[in-house]
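**Student:** Dumping the structure here so I can ask a few things about it.
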């Protein structure tokens, strides 16, 4: 069999903002084959929480086979809460890399737009790209990953409460800072992705790549839980339901409807 | 050690198979599992035409289980025969095709179409809780069940398995009805109808509002029903519902299941079916049984 789960060792973990955790784990498979925009299935190790949690790749450090995952704890009795308690030396079952990932070969200047917990994948994307990256980040209040992102591109910030950067949305920050580019990459909540698509239409930007999120079960394309509405028929069912875990999570904005 | 079991004249190399809907047609999981080691692959439900399925979210995790309301998204019989069957034929395992439909005619169309294909058994899904027409409606009304079983049996070239719903008052009655209609085997249980509410959004967690509960949380219910049915009919029973470990598998065999299907456990561990198969073999060795058939229905 070509693929299997891997037992990864936790290298370090810290809380970098409220409920946002920065986890480094050692992984052969993901650091060897993974790329920006792909994700990893994390298993809780708790037999009463069966489903893997899909977490996007934040950063890959191939030199030390290290994979960085930055995720949000979604509640008190959740799988992510279990992950957040792990410390150096703990073991965690993972499967990945999964999904298609971003096209990083596009050389033109690009705006990398991340909203909330959609920001982490923008770090590895900015790292892997050759073209110039403007990284626009949207937060509710407190920011995270700023120093890391600043190493790979020009960073603009939007916060809902105005505590940092532009008060408002990521699009307000783009306009505020006069940022222009021919390519857009975005990951974040659906209303943000919708707004990015509208913005691209207004500006006539054709190369627009959105990373979608949907509730998943298997993570490998078998169960058909995580579909999204697509313009073209999908390869599996030949209807217009692309699988976020398999054909995605990254889609051209013009390919998906939401 | 003989792990072979026979279901309606079809010999499986071991009793372990995938549960319909969790395993596609095997292709995606073949990256992780050697399909040759399975007794059978049971495909996701296939209809006469493509079905789009339900809106998302289609999945919600629950403690020791999960709810799904996929809505039987499937590519239809044409694509299935052209793409999925040739894929499955490469492997040394039995092929059980799960058939779904909105009307009796839909089922019959698929069953007739599969008549000339190298398919070993047909599993008739009369128990999906997530579609408005067909599915469970056939499996909850004895009259409907009798009629649809008879009609399908009339045109089927392969033996048929009727997949039963646990969402009934007396599942043994439904099993007897299927048997009376000519079913060659029954499989149970399909999922239990359930619900989850998102307390922050103050709405249903599933777009379909309700979904089918599966996973280890439902195992005691499934086991009880399998035992009840195995003692009520003379045709073989395929047991499923929360089987996660080899111990679970042994319980179902002891309760009277000739075959055991593994579903939700695949999501947690893609190799769980292989582990269950190996664990059952070890158990038989340790307990000095030469033949898996010797433990089927041992607990009366």
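Heads up, the Cβ atoms here are built off N, Cα and C, so glycines get one too.
Because TrEMBL annotations are produced automatically, they should be read as predictions rather than curated entries.
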**Student:** Looking at TrEMBL, B:44, B:68, B:69, B:70, B:71, B:72, B:190, B:191 are annotated for substrate. Which of B:2, B:125, B:266 sits in that same site?
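**Tutor:** Candidate in the recorded substrate site: B:125.
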**Student:** For the FMN site that TrEMBL gives with B:20, B:44, B:45, B:98, B:125, B:189, B:215, B:241, B:242, B:263, B:264, which of B:4, B:143, B:163, B:285 also belongs there?
**Tutor:** B:163
**Student:** So which binding-site residues are near residue B:128 (active site, nucleophile), with CA atoms within 10 Å, out of B:20, B:44, B:241, B:263?
**Tutor:** none
**Student:** Restricting to the record's substrate-binding residues (B:44, B:68, B:69, B:70, B:71, B:72, B:125, B:190, B:191), give me the longest CA-CA distance in Å as a whole number.
**Tutor:** 16
**Student:** Going by Cα-Cα distance, pick out whichever of the binding-site residues B:69, B:71, B:191 is nearest to residue B:45 (FMN binding site).
**Tutor:** B:71
**Student:** By CA-CA distance, flag whichever of B:44, B:69, B:71, B:191 among the binding-site residues is nearest to residue B:241 (FMN binding site).
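**Tutor:** Checking each of B:44, B:69, B:71, B:191 against residue B:241 (FMN binding site), the shortest Cα distance is to B:191.
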**Student:** Measure from the CA atom of residue B:125 (FMN binding site) to the CA atom of residue B:69 (substrate binding site) and give the result in Å, rounded to a whole number.
**Tutor:** 15
**Student:** So what's the mean pLDDT when you look at the domain 'Dihydroorotate dehydrogenase catalytic' (B:4-284)?
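**Tutor:** Averaged over the domain 'Dihydroorotate dehydrogenase catalytic' (B:4-284), the predicted model reaches a pLDDT of 96.
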**Student:** Rank the binding-site residues B:71, B:241 by the number of other Cβ atoms within 10 Å of each Cβ and report the first-ranked residue.
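**Tutor:** Top count of Cβ atoms within 10 Å goes to B:241.
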